[in-house]
Amino acid sequence: TFSFSFTAHGLTDEQREFQKVAFDFAANEMAPHMAEWDQKELFPVETMRKAAQLGFGGIYVQPDVGGSGLSRLDTSVIFEALSTGCVSTTAYISIHNMCAWMIDTFGNTEQREKFCPQLCSMEKFASYCLTEPGSGSDAASLLTTAQLKGDHYILNGSKAFISGGGDTDVYVVMCRTGGKGAKGISCLVVEKGTPGLHFGKKEKKMGWNSQPTRAVIFEDCAVPVTNRLGEEGQGFNIAMKGLNGGRINIASCSLGAAHASVQLARDHLLVRKQFGETLSNNQFLQFKLAEMATKLVASRLLVREAATALQENRPDAVSLCAMAKLFVTDECFNICNQALQMHGGYGYLKDYAVQQFVRDIRVHQILEGTNEVMRMIISRNLLTESS
């Protein structure tokens, strides 16, 4: 169990309450299984459904379709706490939440009522399908096509690195219904079992092993027009709006890993003896630990500021989400890596959790917009501001 030091600072009583619920769930339901889920590559469906019973399946989805109706800040606090128990599983839950929010926000009444209740209860699971083998950072160049034929779109193409792919039920897919570039992209909800929907082999990954990753392949896959979110040409905008929240969520998952790793490093320094005394008496390591804790607190403040900006729809929200994703995923990886170093050879053993935190959060610097793309977003916004 990890101490609440600093994590509850500035939160309301209600926020502290569900933070404690999330910390307790992480400690009791996730942490004891974290290593096993990683090593056996198990997708912990039943554990996630237990989390959904606490309201974590649709945290920022509206209550009329089964969501918890909480704020972006509330969501960040919950994902940070859950990640102390298992980053990989929490990161998948965050992607699932993002998909549910997209349907809730951009769907019509029928779509919201059809999909959201089962997603919020996690009876059904969702996947976000933007990236393709040939379009990663250059997402607007995607090639998956959707041709209108009668009352269906005929999908052809493939998506890469899809979290949950093959094991999930609902695929939120960005595809090209019009011309080149972002304006030709629409968003379709594709249900598992649709003829022409196929999956590639399960990828072997460095981390994030409690969630399967596969290519999602469309071969003349017929999807009803009634499954389109918003209008034709709105898809890229919908995808990016989802990712603003996704970036805060993934940064929050990095915070949880760093929080846990600082605690693990501290505990190790207090018991490990070398040169006749505990490592905690070594000033170099004391100062390193102080720097780690300071960077963790600074990271947390940035994430929470970005979450508040997004909630309030402030003009600086997109930049702040990008700043949080860039700064926090980088700094938290360094914190976890330093915590591993403090463990010496033990940190490299799979018996010790710190190596899994390092492996699991490494990908946070890559997905949901690489940290290089975050620099592009931040600099573009700075350079195009009216002076």
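Just so you know, glycine gets a Cβ as well, placed from its N, Cα and C.
The structure displayed is predicted, hence computed values, not measured ones.
TrEMBL lists E368 with the feature active site, proton acceptor. Of all Cβ atoms in the shown protein chains, 28 besides its own fall within 10 Å of the Cβ of E368 (active site, proton acceptor).
Feature annotation from TrEMBL assigns domain 'Acyl-CoA dehydrogenase/oxidase N-terminal' to 12-123.
As annotated by TrEMBL, domain 'Acyl-CoA oxidase/dehydrogenase middle' applies to 128-221.
Within the model, the domain 'Acyl-CoA dehydrogenase/oxidase C-terminal' (233-383) shows a mean pLDDT value of 98, rounded to a whole number. Summarising the annotation, TrEMBL assigns domain 'Acyl-CoA dehydrogenase/oxidase C-terminal' to 233-383.
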